[in-house]
Amino acid sequence: MTNIRKTHPLMKIVNNAFIDLPAPSNISSWWNFGSLLGICLILQILTGLFLAMHYTSDTMTAFSSVTHICRDVNYGWIIRYMHANGASMFFICLFMHVGRGLYYGSYTFLETWNIGVILLFTVMATAFVGYVLPWGQMSFWGATVITNLLSAIPYIGTNLVEWIWGGFSVDKATLTRFFAFHFILPFIIAALAMVHLLFLHETGSINPTGIPSDADKIPFHPYYTIKDILGMLLLVLFLMLLVLFAPDLLGDPDNYTPANPLNTPPHIKPEWYFLFAYAILRSIPNKLGGVLALVSSILILILMPLLHTSKQRSMMFRPFSQCLFWILVADLLTLTWIGGQPVEYPFIIIGQLASILYFLIILVLMPVTSTIENNLLKW
């Protein structure tokens, strides 16, 4: 008799995706981040659901409802901080996942990669609207500054901003719709993640060497299920260390002050995971130019397959490209640091140089280096 998991219509899908899936035998821990992102998403949806039961999306009561969750709701504080720090873990996993894709040439799977870039944009949008909900000072001013960037769009900009605000400033209508967006977007992310997996399973996973591994496959279960569970335990450990010992480490103290439209904080800055893009935005003195640079800094990922000039897929055997990759990582860390600094000398010039280097590495240096490596190998 055939096993039920291979015949039942629903079980068959699960079986083909997580149990009998043929996987390369040599994929490293860098391949864990996909499943960790799935865990993060489930965790965020669950904690978010319980927070939504007590949260009120009204400008008068939003801040106090979050305070009420932390003080009066049973284990409300842990749910709130798991949700806030869970977002940080989500982005750490996202950056690792994208970095792995760049290093090992995963972007050659075009559909999977492009859906991934759309997912990245969607997660960033979700995190942004979510940050507005506690209605603290940084929530309010962050929403005002970032939505205002759309006014740089020629002709329709101002109308577009007022349409998003639902009025002439960030107010009750804005908060209510941002709560609605924040509630629906994670389910859209879940649907997109399924499409992401669907396209991935059409081609099968890449492996560190970049060489096809059709002749050397192993079943996903038990090998990679166990490996994923280990990753999950480490993720939960790190998250709970943050939540229980330093819940506000990654947050902004200004967000513990209720939103006040009459008082601007001295340094308006987003959460840490947006600082690299914020630094690129600020490094250009022109508003429209800054917005274009901001969008390009993420959208540039879509160009990766076009910029791949190497005859090898992975960077595993390409030492010069490896050096460039790690310089790019260091550059992104520098941008993250600059994004959190005030707009003054020497931070302005460092930010501008780091922004130029970011685009230079991806658009010029990496393709040129790959071509040089091809010639060195006499290919």
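In case you wondered, yes, glycine gets a Cβ from its N, Cα and C as well.
The list of residues near the transmembrane segment (33-53) in space but at least 6 beyond its ends in sequence, with Cβ under 8 angstroms from a Cβ of it, reads 69, 79-80, 82-83, 86-87, 89-90, 93-94, 96-97, 100, 182-183, 186-187, 189-190, 193, 228, 231-232, 235. Look at Swiss-Prot and you will find 33-53 (among others) tagged as transmembrane segment.
If one looks beyond the transmembrane segment (77-98) by at least 6 residues along the same chain, the residues whose Cβ comes under 8 Å of a Cβ in the stretch are 30, 33-34, 36-37, 40-41, 43-44, 47-48, 50-51, 66, 69-71, 116, 120, 123, 127, 130, 235, 238-239, 242-243, 247, 250-251, 271-273, 301. Residues or ranges marked as transmembrane segment in Swiss-Prot: 77-98 (among others).
A 10 Å cutoff on Cβ-Cβ distances gives His182 (heme b b562 binding site) a total of 22 other Cβ atoms nearby, all chains included. What Swiss-Prot lists as heme b b562 binding site is His83, His182.
Marked as heme b b566 binding site by Swiss-Prot on the basis of similarity to another entry: His97, His196. Residue density at His97 (heme b b566 binding site): 20 other Cβ atoms are found within 10 A of its Cβ, drawing on all protein chains shown.
Within the chain, the transmembrane segment (113-133) has long-range Cβ neighbours (under 8 A, six or more residues past its boundaries) at 55, 57, 62, 66, 87, 90-91, 94, 98, 101, 106-107, 139-140, 142-143, 146, 174-175, 178-179, 181-182, 185-186, 188-189, 192-193, 195-196, 199, 270-271, 273-274, 298-299, 301-302, 304-305. If you look up Swiss-Prot, you'll see 113-133 (among others) marked as transmembrane segment, on the strength of similarity to another entry.
Within the same chain, residues 17, 37-38, 41, 44-45, 48, 52, 55, 57, 112, 115-116, 118-119, 122-123, 125-126, 129-130, 132-133, 143 sit at least 6 positions outside the transmembrane segment (178-198) and bring their C-beta atoms closer than 8 Å to a C-beta of that stretch. Residues or ranges marked as transmembrane segment by Swiss-Prot: 178-198 (among others).
Listed in sequence order, Asn16, Ala17, Leu21 are the same-chain residues at least 6 apart in sequence whose CB falls under 8 Å from the CB of His201 (ubiquinone binding site). The ubiquinone binding site annotation in Swiss-Prot covers His201.
The list of residues near the transmembrane segment (226-246) in space but at least 6 beyond its ends in sequence, with Cβ under 8 angstroms from a Cβ of it, reads 29, 32-33, 35-36, 39-40, 78, 81-82, 85-86, 88-89, 93. Per Swiss-Prot, the feature transmembrane segment maps to 226-246 (among others); the stated evidence is similarity to another entry.
Summarising the annotation, Swiss-Prot assigns transmembrane segment to 288-308 (among others) and lists similarity to another entry as the type of evidence.
Summarising the annotation, Swiss-Prot assigns transmembrane segment to 320-340 (among others). Cβ atoms under 8 Å from those of the transmembrane segment (320-340) belong to residues 99, 102-103, 269-270, 272, 274-280, 282, 310, 347, 350-351, 354-355, 357-358, 361-362, 365-366, 369-370, 372-373 of the same chain, restricted to positions at least 6 beyond its ends.
What Swiss-Prot lists as transmembrane segment is 347-367 (among others).
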Rounded Cα-Cα span from His97 (heme b b566 binding site) to His83 (heme b b562 binding site), Å: 21
Same-chain residue ranges lying at least 6 outside the transmembrane segment (288-308) that approach it to Cβ under 8 Å: 98, 102, 105, 107-108, 110, 113-114, 117, 120-121, 124, 149-150, 152-154, 276-278, 280-282, 355, 358-359, 362-363, 366-367, 370
Those residues of the chain, 6+ apart, with a Cβ under 8 Å from that of His196 (heme b b566 binding site): Thr112, Ile115, Gly116, Leu119
Cβ atoms near His83 (heme b b562 binding site) (within 10 Å, other residues, all chains): 21
Between His97 (heme b b566 binding site) and His182 (heme b b562 binding site), the C-alpha gap once rounded to whole angstrom: 23
